[in-house]
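As written in TrEMBL, here are the features:
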{"type": "BINDING", "residues": "14-21, 82-86, 136-139", "note": "GTP binding site"}
{"type": "DOMAIN", "residues": "5-274", "note": "domain 'Tr-type G'"}
Ligand code: GDP
């Protein structure tokens, strides 16, 4: 039996500091955490042993690597895929979002929608990923609730439905009112945390509320909640699942308010695995044949080993340890003897995985981001894009005899999606491309630490890159011949046009109307 209806595979999207880490910790606390692949911003000694590359994370206090966290609650298995929280994110983040069925958007009540939240939201929107909103930090002064709701609605062009309502904020915070369940969640103790004190009421008119809350607090709650229920669309499960409406929960991850409601909302409303876009046809999770795709490849934490873990999202079938799966593109089946199953609480359970689950597959670089794995070849999942890099740099070796090592390193990192690499037709300096500045530092530090290659990154005379193609091969060849100095190959030998500016892309694209210039390349 393949049970996937009880799977909720989701990610948290937020701007740095909104409280993603705190919320993650509380989610794991409330749900019985089964296995943590990479601790949540692990602190102290456990971290120190890791490679130099990880030092960047430590110094900056950020998490560059993603991880998978699984917890279980009332028969539902939640797979939380972590996305790097730094403003300067890589394609990794985008790709992780291709492996989830829904997302939780965390917003700081004082700051509203911030730049990174917005970028990540747009990626979710592209794939119609449904979003539950968690407005965090109501234990602190924040913006008025209506202002927050209207901002979400306006900036993101979404319908919003408040599901809970904070009674006051900051120093006047008195609790959270559950508009759907008619319950009041109350703070306790000197730290005014949520320790489980819930009072059921018959509705907003219930006189019990007058006893539990201050007079101005209850008056404002009644007035606001009435206005809100009249002014915002009622919750509509279908609109939510289509990505047109977001239910909004208020809370404080720090004080543990609203975390429980959030888990309940994920269990009740968030979609289980859905059919995944694929060639020749979308793959239903009910399909008995095992299929999945690799959305992330991570280098082993141990710099002395070149092992890689490929993270595969299972899309259909029941995966069993030892199973042979064939990666798209290379044909040879591989037996998966030692999968890392993140939901395995007890060893004996670690032998099976279901659609929506993530499997870590140790390998030596055979598996690459975007690969489909299936019992029988012929299926290929689509929609895992490479993005046009926004920063291009030439790589100059300090020691010219290390060319081979450099190529290996650049290929490896391209495979992980940390950077892209381009080999120009003319000239010997390879060009690397990244989506964010931080990846440059990661690259240099890993070159030294893992590959013992000293290199400098020099400005390249290019600003962006486009994958080129044409229906008529002759047209493509003409273009390439006439623009030799701007031509390069990517790691898979696809022709790439290196442009001096976005303006140049437009200019050239006008002149060569038969050539297609793509800012993303689907693998
Ligand atoms: P991330 O960068 O999104 O992972 O944010 P963190 O979880 O690391 O939180 C950033 C800061 O906000 C930390 O100092 C947290 O203690 C604090 N914080 C997180 N949640 C809350 C909350 O609900 N209330 C208050 N007052 N502070 C919070």
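Just so you know, glycine gets a Cβ as well, placed from its N, Cα and C.
Nobody curates TrEMBL annotations by hand; they come from automatic prediction.
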Where residue 138 (GTP binding site) sits in the secondary structure, as DSSP reduces it to three classes: coil
Spatial neighbours, same chain, of residue 17 (GTP binding site) - Cβ under 8 Å, 6+ residues apart: 108
Helix, strand or coil at residue 14 (GTP binding site) [DSSP, three-state]: strand
Packing count at residue 83 (GTP binding site) (other Cβ atoms within 10 Å of its Cβ): 25
Residues among the binding-site residues 14, 17, 20, 83, 138 that border ligand 1 - Cβ under 6 angstroms, in sequence order: 14, 17, 20
Cβ atoms near residue 20 (GTP binding site) (within 10 Å, other residues, all chains): 25
Residues satisfying Cβ distance under 8 Å from residue 138 (GTP binding site), sequence separation of at least 6: 109, 166, 169, 173, 176, 250, 251, 252, 257
Other CB atoms, at most 10 A from the CB of residue 14 (GTP binding site): 25
